[in-house]
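Visitor: Input: one structure, supplied below.
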């Protein structure tokens, strides 16, 4: 299968033609012409390497009413992704080779993105003893990222052992940093607003304390640590300090923490309830700055689909989490590109190159250059559209961006040379 | 008035004064009458939707609606379809389909009345939501202060106790300051929310320093179980430092009043002889509650039936 992309601006550079052949980028140049190729007009479009998400909840097995591997894969492709890490908090939990292989196979069957399972750190996410990390690493799913996401590995001794153990697997522990004793019943960021709204506060210190502890542990045992969904200015400071000391720590920030603030909780509409919670504008600015200067390595969606009944309720009863895959790139364009904090190469680095490196994905996060795997997306940076949750490919509707106009439209996505999205629509 | 009464923070000075003035007119109209009833809301239906046990608030709203000749339905979440898992939204739509004009809701979740207001066409009255607000309590407190002291402007009110978990405290902070009173919150730091500094109030950890300057002291209910989560070391220590006993009451000015929203923990935040003293307005507050709630229902529903 051969595709010729005409006039794409690779990383925002000068227009060039891209020839995709046998799953690879065969050539990049001016006025390429090939007979029998599918031609895609990319005039005015920016070409970026296919995005890689370190943090996706696909809900299968267990909550197929909220999302399946297939619907989540489609949402990912539409968002410009070619690989997503599927979090382990399914039912049953992905804490054995059997479950991670099931998720991996479902991903292959859907064939829209590479679905890379994340393995649980502890059995049942209970934080009591290690799951069989080696078996998951050795399985067909080749697990390299381990996380109890949704729960913090709060026990410091257990966290230390997990960090040590995954060294043998070339793995990384992705920590959901939340000191559970400081967040009992927590509903939103603790501060002026939580005081007034009467919603139990989630203090920034509950995140920062765990990150501080874990970077010290990672340094002590010489292991790799990844911090999920960093949400506070203080966390960025701690990461900056740790990196300056040579700690092998990486971190991600979600699109929603780059754009939205706790002010949205005023509506008591639980579509804005998420864990960690939306924070203050000061935090948003610090997170953008941290992402721009590389202290925060990656944007990860924490795409968290929820059924209508789990959100159409009282705030306290609602499940935390929001959709992200289909709007992540537009949010980054608005928050980082249009503000001048990142150029297109920077976007590619934070949304593809670095997350692929953290997840040890060989075929992703590669340059858009001859000989490389043809995983890439075409973005129309000039397009602007209001988000309509009903039009999303996800099976759920809990988008915090409903009605909000965002810049940038993913026109096409290619996975190993094959189009998964064309003209802004999923090919299947 | 707006269509709903969701929070005291919503009320501007004119709206709040209108409620108090209306309550005063209702009191006058009913004074000395043998039949304590007005025909104003005949044919209208008020539902008391209570997800928490609260006999006193429920009865107060029930009486208020009945004295305005409304039909009243009491819907207790316990022993109903709600205990079988029906959602707040489905319950609300069901009640509205049956023809309710107003829903008075008490709920353990902060913001539940706001959610309800999105789903129904009728009026929603917040009868206490989680640790957020209890606006009619604040209105009846303001009404009580105004009756006793003749004014609210410049009145110094000390609100003492578990502010962190208190919807009564929040509503009073907004309403009383809107009406010109000066509020001082008194509590151990553990029972004040982080972020209290943004409120238009003074904060003190020392009850004895505040009492001589207070025109009204509002004691909040403090649950002894809070000591299990280390909000304070023991009930005794709490009582010694923040309880209002006869000795402390003696430090109050001559005309100062003592208030409590009830139910009281006698011996914990308030001593029995204080609760029963001439300064105490506690029983009066209960009576005023009915008048104020009549005023609220009248102002929200008083127009022609929708």
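Any Cβ shown, glycine's included, is placed from N, Cα and C.
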Visitor: For the Zn(2+) 2 site that TrEMBL describes with A:176, A:229, which of these is also annotated: A:138, A:149, A:269, A:281?
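Guide: So the Zn(2+) 2 site in TrEMBL includes A:176, A:229 plus, from the candidates A:138, A:149, A:269, A:281, A:149.
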Visitor: Check TrEMBL for me: it has A:55, A:57, A:149 binding Zn(2+) 1, so pick out which one of A:302, A:310, A:343, A:349 it puts in that same site.
Guide: A:302
Visitor: The substrate site in TrEMBL includes A:57, A:58, A:59, A:89, A:275, A:320, A:321. Which of A:257, A:306 is also listed there?
Guide: A:306
Visitor: For a quick check of understanding: among the binding-site residues A:320, A:321, which residue's Cβ has the most other Cβ atoms within 10 Å?
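Guide: Buried the deepest by this measure is A:321.
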Visitor: Widest Cα span across the substrate binders A:57, A:58, A:59, A:89, A:275, A:306, A:320, A:321, in Å?
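Guide: 17 Å is the greatest Cα spacing among the residues binding substrate.
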Visitor: Take the Cβ of residue A:149 (Zn(2+) 1 binding site) and count every other Cβ within 10 Å, whichever protein chain it belongs to.
Guide: 26
Visitor: Relative to the Cβ of residue A:89 (substrate binding site), which residues of the same chain, six or more apart in sequence, are found under 8 Å away?
Guide: A:57, A:120, A:125, A:148, A:149, A:150, A:151
